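Some notes on the structure that comes next.
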Amino acid sequence: MSSPTNSVPYGVQILQKIADKFPRLTRIVDRENLYKYSVLILTFITYAAYHASRKPISVVKIVLYQNCSEVTTPAPINNTDPDWCNWAPFNAEHHNALFGTLDSAFLFSYGIAMFFSGIIAERVNIRIFLTIGMLLSGTACSMFGLAHYYNIHSMWYFIGVQIFGGICQTTGWPGVVTAMGNWFGKGNRGFIFGIWNSHTSIGNIIGTLLASLYVESNWGLSFIVPGIFIISSGILIYLFLVVHPSDINSDSHLNEKVQNGHKALERNGIRRQSPHRDYNVPEENEILKGSSEEKKPSTSPQEVSIPLGDISSKELSLLPSNKDEVKEKTEGSPILSHLNGSPKKAVGFIGAIKIPGVIEFSMCLFFAKLVSYTFLYWLPNYIKYSSTYSPSQSADLSTLFDVGGIFGGIAAGIFSDMFGKSACTCAVMLFLAIPSLYAYNLLSSVSLIVNIALLVVAGGLVNGPYALITTAVSAELGTHSSLKGNSKALSTVTSIIDGTGSIGAAVGPLLAAYISDLFDWTSVFYMLMGSNVLAILLLTRLVKRELQNVD
């Protein structure tokens, strides 16, 4: 039987050993904040990588079907076939419907699997859960690109890859939100999550730029390179992500303080038993009582005291009582966390949807993501259709929608923090998005400057509510007072909200595909504006409740 190792990831253990050789540096650096903000950065990279691997399909569909008479024939090719530049089976007359089927295969599988993924995430090792999901997501993304190299033209192959990728991608959101919720409290949560949630837009931009580099020369690499990116990020997460503060504020961390202190005075009723791993910690009222009374020094040779002043309140809260058995998590322990025992059972699906506000925000997100993901999957194609730009130029220009989304997410978080009214913030931004969508459809072809300005504005107003609901609102509802302190609902609530939104994300691109084929792109924009109206109506009850609480 192998000896147990600390639950701290291997990469962090190595860094800790290196840091121990420089004691002056460790006294200057606040390790707790260092771990805290490393989680912020690592989860940011994680979800940016997830979104980067989703974006290539929206770029590549421009070249899978195009007007070959407008494409420059490569020198070695002497082909009179008018369809020479297209990739079967997407050279059919109703090609947009085929692309919509691919988008829906991914998004419907993603939305359905998300309901189960969050429930699983509550019961497993989040770091390993994310790592496996990222490795599989990268594999799925690369498999689509391999069709170019192996000359695959089966529609069922592409649909199968999309379904597999959609299921794998559901590991991302519950995992990163849970890790963030473990480290960041309610103070300025909207602002912090608003900045953090820009990973969605940053990931879209990275995925678009990577795909556009190869879209006109070798579209297979447009999928393989983002696939390698998310696989590399998954390895990084496995080595360095500290999911919960208790993983580093463990008994081994306290033991290090004891060894460095070289003190043997017993204070405040807290003492460490050596060589055993047992703690003797009295109840809180006994600690407070003991702080005003003088304690006698311990004479037991096996007792090593820990001065209370050397232990932070967070570390003190992590010490088990003398009635509990200290159980050490190990790197080789089963992924299912309940095998190690958990103090409270995870909240089930029914219990989560009973939390006030979960249903309303879930349905609002359904329509918000319907609009956002229609742009995500069809904006490069729309720009190519409505302008004279090349496929790569259209893809690059579409990134400005996500640039606006960065500012929109931050603004939504700031307003939510300032006024404490998430529903009102979402409703106002959704309302303003309606005229911005109409203006973009009407005026985007006027000039490049107008196109850029309207893209940024529309991106901010469309993605702001989406960002706020999937981050700060989900975290708030996942720790709602009705749960009576049970924190085992965060991933489940997140999966319900994002899963419902993801069904809307699946419906949007599919409707856009069929409406654009049967009618025109103006009709698609009317559909998007109508979705915003429905989202606002669903928030009406929550908006009234927030306004009634005004002093």
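In case you wondered, yes, glycine gets a Cβ from its N, Cα and C as well.
Annotation comment: TrEMBL describes 34-52, 97-121, 128-150, 156-179, 191-215, 221-243, 358-379, 399-416, 423-440, 446-469, 490-515, 521-539 as transmembrane segment. The domain 'Major facilitator superfamily (MFS) profile' annotation in TrEMBL covers 42-547. As annotated by TrEMBL, compositional bias 'Basic and acidic residues' applies to 263-280. Annotation source TrEMBL lists region 'Disordered' at 263-306.
Most Cβ pairs under 8 Å with the transmembrane segment (191-215) belong to 399-416, among the candidate stretches 358-379, 399-416, 446-469. Same-chain residues lying 6 or more positions outside the transmembrane segment (423-440) and placing a CB less than 8 Å from one of its CB atoms are 357, 360-361, 364, 368, 371, 408, 412, 415-416, 454-455, 457-458, 461-462, 464-465, 468-469, 525, 528-529, 532-533, 535-536, 539, 542-543, 545-547. Ranked by number of Cβ pairs under 8 Å to the transmembrane segment (34-52), the listed stretches 128-150, 446-469, 490-515 are led by 128-150. For the transmembrane segment (490-515), same-chain residues at least 6 beyond its ends with a Cβ under 8 Å from one of its own Cβ atoms are 96-97, 99-101, 103-104, 106-108, 110-112, 114-119, 121-122, 170, 173-175, 177-178, 181, 346-349, 352-353, 355, 358, 361-363, 365-374, 376-378, 466, 469-470, 473-475, 477-479, 523-524, 527-528, 531.
The transmembrane segment (221-243) shares the most Cβ pairs under 8 Å with 156-179, out of the stretches 156-179, 358-379, 399-416, 446-469, 521-539. Of the recorded ranges 156-179, 358-379, 446-469, 521-539, the transmembrane segment (97-121) has the largest number of C-beta contacts under 8 angstroms with 156-179.
Ranked by the number of CB pairs under 8 Å to the transmembrane segment (399-416), the listed stretches 156-179, 358-379, 446-469, 521-539 are led by 446-469.
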